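J.: Quick one: this structure, given as structure tokens, is what I'll be asking you about.
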Amino acid sequence: MTSRSRDNECYDYVIVGAGPSAMGLLYGLLVDHLPPFSICIVDQGDDSHDDTTGDPKDWYAASHIRSSKSVYQIFSTITNRVVDLPIGKGLGGTSNINATLCMPPLASDLESWPSPWKENLLIHVQEIQSVLKNNEVLQGAHGSCSNPSSFPFKEKSSLDIMTGVPTLATKSDGGTSSKFEYVRRNYFDGLVEPLLKNNPHLKDSVVFLLGSQVQRIIMDESNAAAKGLVYSSRNGELCTIHARKEVIVCAGAIESPILLQLSGVTLGGQVGLHLKDQVLIPRVFFATSMEYTKCKTVNGIRALGHWREGRDVLQVAILDTSTIQSIVPTTVAMAVRRNCNGFLFSQTWKRVFEFIYLVFKGLVSWTLWCMPVQRLVESYTVTTLVFLMHPVSEGSVRIRPRDNRESQDELMRRDVDITVNVNYLQDQKDIETLRRCWNSTCQDGRATEIFPRWMFQPVAQIFFSWNWFQGFCRLFSQPYYHFCCSCRMKTTGRDNWVVDSSLTVCNHSRLRVCDASVFPHTVSNPPALTCAALGYGLAKILVATVEKDKVCSK
């Protein structure tokens, strides 16, 4: 499906990115049988699946494999530790490396969204889910995982446990992917590919420019309208494509503001501000009953629960043992991966801490793979993850020209360094919210907390005094990799916005942004399905605009 470079060609709609929002948008444009419009999708990834990300159970490892062709890494910090921020690429985007969860936002998440999203987004979510089910790429619960009483929490805790978590995967067909029981599917597999297969004539309307990195958006300075974009092909050649109608940026909450800033769209510095990501902390229990550990699932997630207190919402994931081999080593080793910016000889210290991190990670991995330890872990431990879904802390995405260039005229993506600072847990309110959930969902008598209660808390109380929990969060918290809000949407009473309710960029024409960057705030579940529904909803807006223009022209 990859194509040759197409310099100076023209399309009606040019879409940047190929993730869930772009696939929802493309599906909506095609399924509504628009007139013979041409659509071009530009993405730096490939169309083929990566073996390193094929197994849904390997979702955590998949996002940290730097050699994978489905992901690239941006470095940032979390509580003065260095972390990788994985960004999916290729057809499917982040759905190539996420946990394959297909979950809608809560109704309360949309209360502050503007019309038509407040009224229609959940309807679009249901329509997308229906298509995925009809295309047989949506899995539910598997194994004996449907008994909430078997989870290591108080029976009267504030958690509403949900089992049978919807997952984008299919049963292995016994072919090249037969080494996996289930195979990951993404939003291209679930939405677009079946549509093109069943309607071959639609293929003439779509061109996929893969292995192509967008360098900047071409703007008409006379009327602030998007005209097209410049991209670099696989061989590094710079090419230009033009948009007759619109350029729609679906590159994600990190890349979308980067492209806008490169193209001179800053809106007084608002583009790239208010970046948010959810954060997680781990919790490991020793289980005295085998009913805790006997369950095996499609993607390693037995169940999800929401904890609510006022406007605060946290999510708790109960994992099966298949994910421990990848999560535990990285979580433990990341505590020693320190940020060296500001140090004397900072580059040397950076290499030292990176070496320590890799060695420590390898030692923990090797320990877990030892047969007695592995059997003990698989038989008698339960790992849970606590997610802060609506953090107060927020950060930014910024570009910095290389080679001390002062002018940003004609800057390209390859000419700049990127600074991503999410400011995880910077606001003390976030740690306090995590603590309340932690205390509310403490274990019952059938399971004993190993980590952090016995393996960290006694030592931490010496070094962190009474506030051991804050020390724990600062050492072992990790990103959830659900970046959003960096080009947020206009809502009632908000002046600092980037796109309006039709996702058109403020003070610009023929330029829209459609991905998690436009969320007014975070949502209470993994956002991939919300992004796909957002794209599908934008397609309906575009179709309605076309129909209106046709009527007016008569």
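Even glycines carry a Cβ here, placed using N, Cα and C.
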J.: Which one of these stretches, 12-30, 449-467, 525-543, shows up in TrEMBL as transmembrane segment?
T.: 12-30
J.: Could you tell me how many residues in the domain 'Glucose-methanol-choline oxidoreductase C-terminal' (391-535) are helical, how many are strand and how many are coil under DSSP?
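T.: Split by secondary structure, the domain 'Glucose-methanol-choline oxidoreductase C-terminal' (391-535) comes out as 43 helix, 29 strand, 73 coil.
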J.: Ranking the binding-site residues Thr94, Val214, Tyr480 by other Cβ atoms within 10 Å, which is at the bottom?
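T.: Selected from the binding-site residues Thr94, Val214, Tyr480 on minimum Cβ neighbours within 10 Å: Tyr480.
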J.: State the Cα to Cα distance, in Å, between Tyr480 (substrate binding site) and Val214 (FAD binding site), rounded to an integer.
T.: 26
J.: Counting by DSSP secondary structure, give me helix, strand and coil numbers for the domain 'Glucose-methanol-choline oxidoreductase N-terminal' (201-278).
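T.: The counts are 16 helix, 37 strand, 25 coil.
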